Every structure is written in C-alpha cells, then in structure tokens.
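Lifted from TrEMBL, the feature list:
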DOMAIN    A:113-403  domain 'NADH:quinone oxidoreductase/Mrp antiporter transmembrane'
TRANSMEM  A:6-22  transmembrane segment
TRANSMEM  A:65-84  transmembrane segment
TRANSMEM  A:91-111  transmembrane segment
TRANSMEM  A:117-136  transmembrane segment
TRANSMEM  A:148-169  transmembrane segment
TRANSMEM  A:189-213  transmembrane segment
TRANSMEM  A:225-245  transmembrane segment
TRANSMEM  A:257-277  transmembrane segment
TRANSMEM  A:286-305  transmembrane segment
TRANSMEM  A:311-332  transmembrane segment
TRANSMEM  A:387-408  transmembrane segment
TRANSMEM  A:428-451  transmembrane segment
Amino acid sequence: MNTLIAIIGLGVLCLLFEIFNLRKAIVPIIIIGLLGVLGLTISEFNSTESYYNNMIVVSKFSSTFSSLFIVLTIFLVALGHNFYENHQSKISDFIAIKVFLLAGAVAMVSFGNLAMFFLGIEVLSISLYILAASNRMNLKSNEAGMKYFLMGSFASGIILFGICLIYGAMGSFDVTEISELSQSAELPIWFPIGIVLVTIGMLFKVAAVPFHFWAPDVYEGSPALTTALMSTLAKVVATATLYKLLSVMNADISESFKIIVVVISMASMTVGNIMALRQTNVKRMLAFSGISHAGFMLMTLLSLSTSAGSLLYYASAYSLSGIAAFSVILYVCKNRDNEDIVNFHGLGKTNPLLAAILTASLLSMAGIPIFAGFFAKLVLFNQTIQAGYLALVIVAVVNSIISVGYYFKLILAMYTKEPNEERKGTPVIIYAVAVIAIVLNIALGLFPSLVLDLLS
Amino acid sequence: MNNILNHIGIENYIFLSVILFCIGVFGVLYRRNAIIVFMSIEIMLNAVNLLFVAFSTYHQDAQGQVFVFFSMAVAAAEVAVGLAILVSIFRNLGSITIDNLKNLKG
Amino acid sequence: MSTILIIFCVLAAITLSTAFLTIFSKNPIHSAIYLVICFFSIAGHYLLLNSQFLAIVHIIVYSGAIMILFLFTIMLMNLNEEREVHRPRITRLGAIVSFCLICLVLIAIFINSKPIVGEYVTTGEDYQSIKVLGKILLNEYMVPFEFASILLLVAMIGTVLLSKKEKLQK
Amino acid sequence: MEMNTNIALVLVLAPFLGFLINVFFGKSLGKWLSGIIGTFSVVVSFIATAYFFSGISAQPEGIHISLFDWIQISNFNVDFGFQLDQLSILWLLFVTGIGSLIHLYSISYMHDDENMHQFFAYLNLFIFFMITLVIGSNLLVMFIGWEGVGLCSYLLIGFWHKNQEYNDAAKKAFIMNRIGDLGLLVGIFILGNLFSTVDFTTLKTAITTAPDYNDFWVAVAALALFIGACGKSAQIPLYTWLPDAMAGPTPVSALIHAATMVTAGIFMITRLNFLFDLTPSVQSIIAIVGAVTALVAATIGLVQNDIKKVLAYSTVSQLGLMFLALGLGAYEVAVFHVITHAFFKACLFLGSGSVIHALHGEQDMRNMGGLKKAMPITFVTMLVASLAISGVPLFSGFFSKDEVLLVAFHHNIPLWIVASIASIMTAFYMFRLMFLTFFQEFRGTSAQKHHLHESPSLITIPLIVLAILATIGGLISLPGNSWLNGYLTPVLPKLANAEHHLGTTEYILMAIAVIGGLVGIGIAYAKYIKQNTVPTEDAEITGFSKVLYNKYYVDEFYEAIFVKPINVLSRFFRDTIETALSALVFGFGKVTNEISYQGKKIQNGSIGLYLFVFVLGLCAIVSYLFLAQ
Amino acid sequence: MNVSLILIILLVGAFATYLAGDKLASKMALFFGLAAAGASIVLLNHYNLGENISFINQWITQPNISFALKADGLSMAMLLLTTALTPIIIFSSFGNQYKKSKSFYALILFMSFAMAGTFLASDGLLYYIFWELSLIPIYFIALIWGNGDTEERKKAVVKFFIYTLAGSLFMLVAFVYMYQQAGSLLLEDLYKLNLSATEQLWIFLAFFLAYAIKIPLIPFHTWQANVYQKAPTVGTMLLSGIMLKMGLYSVIRWQLPLAPLAAKEYMYIFIGLGIAGVIYGSIVALRQKDLKKLLAYSSLAHVGLIAAGTYTLTLDGLRGAVLQMIAHGFVVVGLFYVAEIIFRRYETRAIAEMGGIRPQSPKFTSMFLILVLASVALPSTFNFVGEFTVLYSLSQINIWFAVLGGTTIILGAYYMLKMFQHAMLGETNSKIFADVTFNEGLTLVLIIGVLFFFGMYPKPITDLITPSLEEILTQINRIN
C-alpha cells in the first residue's frame, strides 16, 4: 500500500515539477524517488498485510513483482531522459504517465478486490494508449495508438463482462471471499465463464495467440521507448496479473482449462517464433519474440501453486534482456524513421560494446546458458515436466531452436555487414542502462537462487 | 419490498446484456467508422453495466452499483483518450476510417 | 405477465433496436442520437431496478458527457455525412458470422446452465439509496475511488499530451 | 643380460641414429660423408648382429629383452620388447649384411642425386624398421617394423618425387601393403581375443598347451595373417605393387623389393609356424597361392622388356616358391631360399643397376645388348647370379630351389609340376635377360655407346661379394647335412625329428630340375643367340604374349573393380548424398521460413480481421470449455 | 588447490586479454594459455599423489544444482588435452594478423574455459551450461574471422549453431526429466536412478542427438565440412581438436552410464553408425578439392571410429577411444596448421593449386608427412595406440566390425597420401614456398613430439584414465 501511495505521490510530484519549471530535475528526482520506493517495497517484503477492506493485499508475490516493475520503470524513465530530449515541454507528462502506469501495475499485482484490478488494468492500458499514440505527428504512432486503443477497449469490455459474471455468481468483488465461496459446491455457471472471460481479456494483454494480432503492429508503430515499455513492463505486468488472478481466486483450474492453456501456450510460441523469422523491423521482430515469450510464461499457469518463483524469474530475465536490447535499439534508431535491421549493420564495428550488449540480451532471450534466459526456461521446463506436460516442453524446445534463427539474424547483421554510416554521440545514460540491465541479467544467470527462492 | 427480479427473472437480464454486448461486438466488427466503433464499445460497456445493476439487485448488494461508477469513469476516460487519438489521426490522415490504418502489417 | 415484465420487454426492445440502429445508421449524427436513446432506455432499466441514483448518474455521464463529446468530435471533424468507404463483403460477412457465433455461444451456455430456482432474496434492507452508495463508495471503496481519480488524471494528462501543440525549444 | 640389452639397443638404434644424422645434418655433411655415415651405421648393426650370432649357440632359447610396457589391453599388456633367437639373428645377418653392401653401392650409385642425404636417411630408416620387424618380441612390435618398412618403401619408391607416376607407384605400394596390414591386424585381434597374448613366446606356449582352442577362429586368424603376408610379400592377389615399385632407385629395389622387406611375410609365417601348423586348410591355401603366384609371375616375366620389371616378376615368382614351401610346412626350406634368393637377387638387381647406371637410366632391354665387353665384372657377377637363380648345380639357388621342389613333390604332385614349370620359365627369362643385355650388338644410341664403361669399384665390390655369396650360399644347407636345419631347430622343433636322407627319388627330381633349368637356358639361347631375336615393339605384340606383356590386365582389372567404383562412389557421396543431407537440414529452415512468409499475409494490418480472430478464439475457448463437455 | 583454478585462470585470461588491447592480446593469451597448461600439470601431480582436487559447492537451491567440478582421470586427461592444445593453437596463430585481435584471443581463451568446464563438470546442468557456452565463442570466431564469402559463411555458421543447439536442447530436456526423478543432477545421484528401459531409451536418444551432432556422426555431420572450411584455422583447430572430443567425452561420461540398458540393447546400431561414418567419411574425403574440407571428412571418419569404440562398452573401447581422442586432437590440430601454413604462402586451400612444394621446403614436407602418417595411424605414433585399441575392442564385439572399421587404415592412407601427393609432390611449383619459420616449426615439432612420445609410451595416459573408465564401466554394468 505504501508503495502505491508513494508512487502516486511521485507522479503528482512530477506534475508539480512542471508547474515549478524544474524540468531538468524531473528525471533524476523521479529515479531517486523510485529507488526510494524500491527500498520501501523491499523493506516491506516480509509483511503480508491487507489494507482498506482488503482492497490492497501486500504479499511476497506483490512486493517482489512490484520491485521488478519499479526497477523496470527506473530504466525506462532513465532512457526517457535521452528519448524525450526534443520534447522537453512534454517530458513531465511522459514521465508522470509512466509513473502512474507503474501505479496501475502495482495495483494489478497487489489487488485484493476486483475493482482495484480493473482500475489498475485500465490505468495501465490508458497510459499505454496514450504513450503509443504519443508521437502525434507520426501516422504510424497514431495508427498504433488507435489499434491498441480499439482492441484494448474491446478486451477491457470483455474483462468487465467477466468481472460482472463473477460478481453475479459470488455477490462480491473481494477475492478472498470469492476464493472462499469458490470452494463451495453449487456455483452458478457464471463464475467459470467470468473467469474465462477475464482470462481471455488478460491473454489479450499478454498478447497470446490468437489474441496477439495487435502486438506487432502496435510495437512497430509506437515510439521506441513505448515499445520498450510495452514489451517489458506491460507484458510482465499482464502475465503476473493473470497468474495472480488465477491463483488467488482459486479458480480450481480444470483439466480442460489446462488443455486450453497448453494449446494457447504452444500456439503462442510457435506463431511468435515463426512469424518473427521473416521480420526486418527489429521492433516488430521483438514483438513476435515477445509473443513467444508470453507463450513460455503461460506455462507457469499449469502449476499455479508452485510456479510463482519461476514466473518471477522468467519475467525478470526476459524484461531485463528486453531493456538492454531496447536501449541499444534506442541508440541505433535515434533520429531514424524506422527500426529496420539495416540500421544495425556493422554495429559490431562502430560500437562494439553496445553490439555485445545487444548480442548478450538476444542470447538471453534465446536461452543460451549463463544468461538468465536460460535458467528461466530451465526452471519452466522443469516445472512443466513435473506437471506432466512433456509434449509442451518439447514444443517449447523446438521453438527455442527456431527462435535462435531470428535472434541470430540480428547478431549476424551487426557483425558481418559493413556499417552504413558513422555514428556519433554516445549518450552515457544509454550505456548505463544497457550495461546495468545486462549485468543484472547475467547476475541472475549466475545466481538464480537469488530470485528463484524469493517466492518459494 | 419485493424483489423486482421476481417479476422479470435474472436470466432475462442476462440475455438482454449478452445480446446488447454482442451488438456492441458486432458494431466493432461491422463498422469502419472509428466514431461508430467507439460507440459500439460504449454499448458493450453499457451492457455490462446493466448486468451489474441487475446482479446488484439479485444479490441485494450495493457493490455492483458502486462498480458501475468505476466502469463509467473508465468509459469516460477511454472515450476521452480515444477521441484524442482519433483527432490526431484525423489531423494527419483527414479520415477516420479504420481500414485506412493498414500501414503496419506483415 | 406482470406490468413490470411488459415494461422490461418494451425497454429491452427499445434498447436493442436503438443499439442496432446506432450501428446501422449511415450518418454518425443519427448513430449518436440513437445511442442517446439507447442510453436513456438503459437508464429506464436502472429505474426499473429501483436504482434511481445510478440512473441519473448514467444519464449525466453518458448522455450528458460522453455523447456530447462524441457529437462534438463529429461536428469538429465535419463527419455528419456518410463518408465511410464501401465495406468489403468479406468484412461484413465476418462481422455477421462472429456476431451470430458469439451470441449463440454465450446464450447457449446460459441456457444450458441450470436455471435459478426459487425466490430471489429480498433482504428488505436499503442497499441502493444514495446514502448507502455513498457510504460504501467512500468507506469500503475509498481506495478504488481515489484510484479512479488517478485514472481520470492519466486520461486528462494523456488527452492534453495528445492534443497540445509542442512548444519547440531549442 | 644388461650387456645384451645395450648391444641390442645399439643394433636397433644405430641405423636410427644414422637416419637422424642424415635427416638433420645430411645436407651440410656433404654427399660422401652422409653416405659413409649411412653405411657405417648399418655396419655397426651388422657387427652387433654378428656378436649375437656368435653367442646364440650358447643360448638356444634366444635372448628376450623387455624394455617397457607399451600398449595396455584389457586382457593383456603389450611389452615393447625384443626377441633375439636363431630366426631373427639369421634374418638380421642378411638384412644388415646385404644392407651394408647396398649402402656401399648406393654411395656411388646415388652420387649424382641432389637429395642423396635423404636417400641414405630413408635407407637407414628402412634398416631400422626392418630390424624392429625382425627382433620384435611380439606381433605388435613386429607390426611397427612391418608398417615402418612399408613407409620406407613408400618413401623410396617415390624418391624421385617430381615424377607423379613414381608417386602413384609409391602410393599404390603403400595402400596395397595396408590392405595386407589390415589382415595382419585382424589376425592379431583374433589371436589376442583367443589367447590373451600377442607375444611370440607366450603365444606359442598358449597355443601348444591350450587344450581346447577354437579351430575355426585359429584358422581365420592364420588366414588373416597370411593376407598380411601376401601384402608385404607380393603374393596373389596383392602382388601388383611390386613391379610398379621398380620406380624407385635400383639399390632400393635390390634391398627392399628383393632381399629384405618382401621376405617379411615369410619371416612372420615362420615365426608363427606353431600356429600355421595347426591349420592345414590355411596351409594348403598358402601353398596353392604360392605356386600359382610363382607360375603367374614367371609367365609375365617371360615377355617383359624392362630389365627391372623382369627381375621384379622374378622376385614375385621366387617369393611364390617360398610360400609354396611355407604352405607345405617346410619353413626351413623357405628360409633357405629366402637367404639364397637375397644373395642372387640382390646381386642381379645391383647388376642391373650397374647396367642402368652405365646407360644413364636406360632400362629397356631392347635398347641394350653386347655389354659384356664393356662391363665385364657386372657381366660375370650377373651371370653367376643368373646361374644361381636358374638352379644350375653347385650354385646356391640349385640347393634351395631343389629343396622346395622336393618338398612339393613329396606333398603334392600338381604343385610340384607347377613349381617346376615356373623354375623352367625362370631359367628362360633370366637368360633371356642376360642374352639381351650382354650379348650380341649394342642396340642403343651411339651417344650411349660412346659412354659405355664399367662401373666404379664401389659398385662392383658389392657385386662381387654378392656373386660369391650367391655361389657358395648353398653350403649352409646341403642336402642331407644341413647346418641351417640344425641351427633353426630351436625355432622349428619339428626339424629335430625330421629324417635326412637322400634317396633315388630325390636324385631323380634333382636331375629333372637341373635338366629343366638347362632346357630353359637352352631355349633362351636358341631364341636370342641363335636366332638373334629382339623383342618386338610394344604395338606389335599380339596374341597371348600381349596378355602376358600387359600382366594379364590385372592392374586394369583392379582399377575397374576397386579404384573406379570407390571413386565413383566418392563422387556420388560428395555430390549427391552430401547435398541431399545438407538440403534436408536446410529444409527445416526453409520450410519454417516459408510458413513465416505465408503467415505475414495473415497479419494484414486490418483491425477487423484481428478482432474477428479474437472473437473466434473467444468463441472457440468458451464453447470448448462449456459446450463441449 | 582444486580444478576450479584452471577455469579461473582461463576466464581471467580471457578478460585480461581483452583488456590488454590489440597489440598485446596474442601474447597475453599465450601467457594465460601456458599458465593454464602449467597449472593443470601441477594439478595432475596433486591428483596423482592422491589428493582430492575436486570442487563442489551448492549453487542453486531451487532447482537443486551444484557447482560441482569433479577431477578423475578421464577428466584430467581431457583437461590436459584442452590446456595443452590451447597454447599451441594460440601460438599457431602468431603468423597471422587478426583485426580486433583482443576479442579474438579473448574468445579463444573463453572457449577453452568453456570446454575445460565441460570436461570437469559433474553436475548435469553445470555441464550443460559449459557445453552450450562453448558454442558461442566459436560461433563468433567462425563468423567474424572466418574466410570465404560472407553470405556462405553466415549460412554455414548459423546452420552449425542452430543445429548443435537443437541437438543439445533435447539433452537438456532429458536432464530435466532425470532431475524430476533424482531431485539433483549430480552425477552420482543420477547414477543411482532406477530408470525403466523405455525411459533410458528416450534419454539415450536425447543425448544421442546432442552428441551425434556435435561429434558428428553421420548423418548429422552436414555442418562440419562447411564450418571447418569457412572458420579461421584457429577456429577449426578448436573445433576439431577439442570440441569434437566434448561430444565423445560426453558419451563416455554421461550417455552410457546414465542409460546403460539402452546402450546395451542398441549397441550394434550405434557401433554400426560409427563405422558407417568411418567408411562414408573416408570415401567422401577421397574426392575433396579443398584441403580443409578433406581434413574435415577425415575427421568425420576418425571420430566415427572413436564413437564406435565408445559404444562397445568395453574397457578397451573406452580406453582406446580416449587415447584416440587425445591423439586425434593433436594430429588434427597439426594438420589444420599445415593447411594454414600453406595458405599463408599460397593463399589457397584448393589442393589442385598446390603441388611441387616438397623440393622447396624439405622441413615442412617432412613434418607434414609425419602428421599425415600419424593421422593414418602408423605404428609408433599415438594414433596407432588409440586406433589399435579401439579396433581391438570392436573385434571383441564382432570381428566384422573390426574389419569394416579397419578399412580406415586403407582408405585413410588412400585419401591422405593422395592429398599429400597432389599438395606437396610433383614438379617444383612456380610459386615460391618459403620453408617453415621458427614459430611454425616449433608448433609442429611440439605436436609431433607429443604424438611420438605417447605413441611409444602411452602408459602415463593409460594409467591416468583406466581407473575412472573402470568406474564408469561398473556404472554401465550396474544391475537396475
């Protein structure tokens, strides 16, 4: 709860700074503030409490994920300093929206009442619509915003419908009550339908097949930093929320529901990976990669009671490598109108450090050992085999192989092609973010227990 | 005080909402005019709101109605943002036909 | 068939038909007006369900605020005539198919489910007066209530962000 | 024993040292010095051998030296050890002896070659490996030498490496040897598996004491070993490399391809006589192969015009006779013939080398003739050697060949007939060679005629020594009173109770053989002296002699049966299978890429479609969960 | 003092090399390579004295993974191979100028680190991690410093990477599966597993896919020739000298003891596959025009034989395989170095464009010939010891295996001598061929020295590896 309040306070502070004309200070202050919030969250790690009539429930799950979100937001805000340098007059708005978005995200993982869940997801979504469309002079950005908005509202409608049916069945929005009531027999069918509809809405948010179509278009069209946010923070938030939703409501996942999860997970991986193979736009490629990673993360839903740790680990691994990758993309594609792979030609020569970082993050996503992505997949496979879904794991393995194909396309472009122009100006902050993110990623790879054991 | 649902039956409300919801969905799929699509989404949300109120009566519980307030807030916020996006598209494109938004694909 | 049921049916018929008309009208202005009627009929439902406050809020928010926003936008963009390009047949077909499908599926499920037997509960307590709603909203639902303000704040900032012309700074 | 070990090491390592010196410093030492060092190192070995020879009578069981553990196998360990018994010392004697002579000869013969130090290095290396082969205490140490001499043979055949045909010949020799080596290895494997040892002494004990060895596998092992011997000793079907090996310098042909290396097969079989004695079926195969080889090679030798080729086929033929003897269990006879053959054939090769030297590389007998006046020493020594090989009485060849025939007659008359015919042919082609080379008028160019001269003494001295040995070599095993048989008894225990008598049959057979030899010489005389025939040009050769001249087309046959198919297969694998396999792997990538390409079309940017799929998905999930149950 | 020291030296070396800058990189790398070699000899000494030089530490609690490095004779032998070849390989590159050499040499050391780790790891996951890790440096080495057409090279290298990764991922699944059963991936815990025959078969096959691609066995070899050809010679040496051995080592260490039932049941098939590789590789090698490709196929043939040896499940088979692995490691590095030496002078790898080198460079020719002969297993070279032992073990299973496998000594001689003849012999080449420089000569002499020394006296290695192989054999023969 304190986390949430503090974050909102920061957001408001950000707006106030604009009023007092302290634009330059916004980014550093917010970063410091977020670090403080991070400390606060971590300090509350072991206290499991519920606040305000169980509206917000702080648990290990929520505080760990909140910390992850905060970390990601710090990175994204830091990158914003550079990204928005030509939009100084709007920087406070951008940062504020991001901070509020973070508030929504925190609400989503710590909700104790479906109202908070719904509002959280709407805060997140609306912020994202705005950020996606934020480059208002750019038609692509407009289109992305519009597409995301239309489909997102559609999905919101479905989520709302689902919540309504749950309420209809239970007469309450409180998850604890719902959870208790769900144990009893004689539930109206509205409840499972409601759960399924909410799940489908959330599947849309995590961009799982067949609800994934928006993702590539929106990722491609949005400003790069927004794409970074969507592909890291937003995706992770949505997955965590879906996980929490299903586990906390004790929805007694039926076998047939699990089959649905398996099918969707397989489809997401396969479609995501195969479609990514022929992409030339890096953001679009990463969008498809994100779809496949969503498929991986959905595997955690098959063993809800035990897989929180692995989800956290996977999410951290994925999002950290995503941040690292996107910071390189931001650097490379700054002042360019697209993110075509051509822009990356010869990066290995012109900027070996960033090329190495991008390579490392791609390798992490591909699941090559020593990077956290490998362990993420490993624990996931472990759990899934334990849950008895060997076939799913084999599909996942095959997909990992396919994924190497397109990750390496980018790596090849960096190292074997000749650079097409000289790049100058190496913003320190991009370096810092990229390096820290990848170092964190590798550290997670070297000491997976640090994260894995948090939630067990 | 008599429960009004004794006269109508909750099923009828469910069917009404479902059909209304589906009309909303239909509208989203059927129309290419972004404004109308927005309206269809509003119809969807309203269908749900209606059901909330019906369930609220069904359970004799105010929470459902409280939720409708939030839902309205969300609807309002969405419309505001959506229309803002629409306006900027209109400025750039001179049209609000969503079929024209096909630059991003592949 | 009680009076109430008849009222319900009439209202439902109005709701559904205006909803359809909203979608089928070629002129966006007409759509908007049908939608307003639809909202009013829904408000009628609320009244029927004895939640007067909600009905009024509904009318104020939807018909008063949201629809005005819509109309304003339509006027702003001068969209009062039909400009929509010809929809490909496949799109329409797809829309109709999915409409039928989703309708059928959902209704079939609810029909399949076992019907609610017996009397509906009547506690006799007041649960939907302004007073009660206010208490609940500002006690139990204080946090979401405040959070909704964040939502609106975000929307506000966002709308401004999207619409405001940039002051170019060198 | 310490003394013996050291001397044995000197024996082995002296040529190796010579090799090293010549390899590393040969060029700076100069030709003379390098030749002398090469020769000297072999002489040292010869002296060491003589030392052992002098002491062997005191130690009938031989000297066994184990240096260190070499290869460990699960059921036995292979020592790196030496075994100096009667057999190996005998072999060492003529290897180092003739080796020294040929080294000496080479100093002069190779003097014009720029790479003389290399030549001596290789020769020394060869001697080193040959010694290893002979004194190895087990099959694997022997195998080192076995392959090593093959290697040296490869190096020396291809000594003039700028000529790719010579290199082809070298390669062919090595590969054919390797075919045999595989047989030898297989034999070793089977013996190892059966008796858990490859050491000669323990193997002998194991075989002779094992009550229930497996007949079949022992026979297979013997056969496999025999295949190994075939490769090294140029027997059918692996003989074709030997005539080609004449591409090497003539001293090499004399040393490796006549006197020493090619007898390794005989050495090995004699060494393992206890094994072969147990497998009569294999023995008869050996005998038949030997006899047939003797005949076939002799027939080819009848019409060859290259002086060295004639000698090469003669060698093959003689080796065949030795194998015949081996196959008949008369190991001592084979050994005897090996020794005499080493003398006279080395002499013949060196003589031919002297001729070639004098004619500046000319090897075709059609371009020779009348050399006896110009090269009297060469002529006389070669004549002596020819008489010896033809089995003219009192020369060494007479005794040894006669014994082979005698043994054959006792065991199997058809084999005796075959062998006798081969001997007659031998006499014929040898004297054909002599007559064509030394008699009549010189048929070469006038430039060559002008330069005709007797070779220098470094060449003639070895010739003379060898001619003497070819003459008196028979003394070591006179019929009825054989020193050799007595000497070999510890190795060949059967000899102890063999009866030595010379009956009428034996004398008759001797007479037949002598007459046969004389007939052969007579025919040659009639044809090449009386009628003064000169073999026709290649193109004019017709009929059966064409078949003979082309060596029964065996090379062509092998080419068509083995080499071509393997090359065709190789090309097929390379071009088709590899491509197909590669395409298969790439295929996966291609297919997924294609799917991706098609998939991109679905993602067409239309929100309507996206939502449509959304709704479809929703319907599918909901209906699966709630309607399908 | 324990084996992690080697890994630390190599890893630190990699970083130090990178930091040393382009000029010093090669020397720095050589220094650390030699340091690792020295350290491993010291460790070997400790090991021989009976000290425990293994290292084990809990690493991840959930799942239960340990950082376990076990040093038994087998691992030590392979470690020595790695640390001995690494400085040789680094030294061999001294004649070449590489752009961005600090990255180049750092990657070499890093790869060496990963391979050493693979040989030492005794926890399944740790092993897997090292296994995969070794793939990345070679990928970049081949990609960036490789030769030939860029597009072709990319294709070959990416294929190699994806192919090998594909294989090993199934191994990972097998490990995960076993982890479910055992609750740990420590080798000794896995040994205690009681897996049914069916489970073992699947595990065996999963491992097999990984190893068959890495080794490679036919028909999984299609990446090999192209990558060998395209990679820089240093990369090729690393690949063929050490990395192939990772696959073979893994067969002995992991595949056979973990799935012995399947190994026994289908022994003939896998031996047959290995031997088919011998014949196929040799025949394909016959008509290769590119020297490096020819060597690649010869490698295919040799490792086929080694693999066949391992699958015999006899002490001789395993021992011969290990000996031959080491021998082949040295000889193939030497041969590729020879190809590189020729390339330095003639800028070609096409055999047809060579020829007539011998008259110009007797030293080089002699050393080349010795390597050729060693590769065809001339007795007294190390390769003979290995090949003989392997063939002997095959003969214990079935004499026909020995005969067919033995064709390698015929076919091997055929294609190697043919290559030698056309590359080196014949009329003096019009292009000048300078004889070997001191560095080149030293490298080759070192390799040749090793080959002859152990060819005559393999006992130290045999003694080193035999106890651990016997232990593995008891695991293989344990009754489930």
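Glycine is no exception: its Cβ is also placed from the backbone N, Cα and C atoms.
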Should the transmembrane segment (A:428-451) and the transmembrane segment (A:311-332) be scored as in contact, given a threshold of at least 3 Cβ pairs under 8 Å and pairs 6 or more apart?
yes
In the same chain, residues at least 6 away from the ends of the transmembrane segment (A:387-408) whose Cβ sits under 8 Å of its Cβ atoms read 262, 265-266, 269-270, 273-274, 276-277, 279, 285, 288-289, 292, 295-296, 299, 302-303, 362-363, 365-367, 377, 380-381
Under 8 Å for C-beta pairs, could you tell me which stretch among A:65-84, A:91-111, A:117-136, A:148-169 has the largest tally with the transmembrane segment (A:225-245)?
A:65-84
When you scan the chain for residues with a C-beta under 8 Å from the transmembrane segment (A:65-84), skipping those not six or more beyond its ends, what do you find?
3, 7, 27, 30-31, 34-35, 37-38, 41-42, 90-91, 94-95, 98-99, 101-102, 105-106, 109-110, 223-225, 228-229, 232-233, 236-237, 240, 312, 315-316, 319, 323, 326-327, 330, 334, 427, 429-430, 432-433, 436-437
Among A:6-22, A:148-169, A:257-277, the stretch with the most Cβ pairs under 8 Å to the transmembrane segment (A:189-213) is A:148-169
Where, among A:91-111, A:117-136, A:257-277, A:286-305, A:311-332, do we find the most CB pairs under 8 A to the transmembrane segment (A:6-22)?
A:91-111
Taking pairs 6 or more apart in sequence, does the count of Cβ pairs under 8 Å between the transmembrane segment (A:257-277) and the transmembrane segment (A:286-305) hit 3 or more?
yes
Beyond a gap of at least 6 residues from its ends, the CB atoms lying under 8 Å from the transmembrane segment (A:286-305) belong to 206-209, 212, 215-216, 218-220, 227, 231, 235, 239, 242-243, 246-247, 253, 258, 261-262, 264-273, 275-276, 279, 311, 314-315, 318, 322, 325-326, 329, 365, 376-377, 380, 383-384, 386-387, 389, 392, 396, 399, 403, 406-407
Can you name the far-off residues of the same chain, 6+ from the ends of the transmembrane segment (A:311-332), with a Cβ under 8 Å from a Cβ of it?
64-65, 68, 72, 75-76, 79, 82-83, 224-225, 227-228, 231-233, 235-236, 239-240, 243, 282-283, 286, 290, 293, 296-297, 300, 339, 343-344, 347, 351, 354-355, 357-358, 360-362, 364-365, 371-373, 375-377, 379-380, 423, 426-427, 430, 433-434, 437-438, 440-441, 444-445, 448, 451-452, 454-455
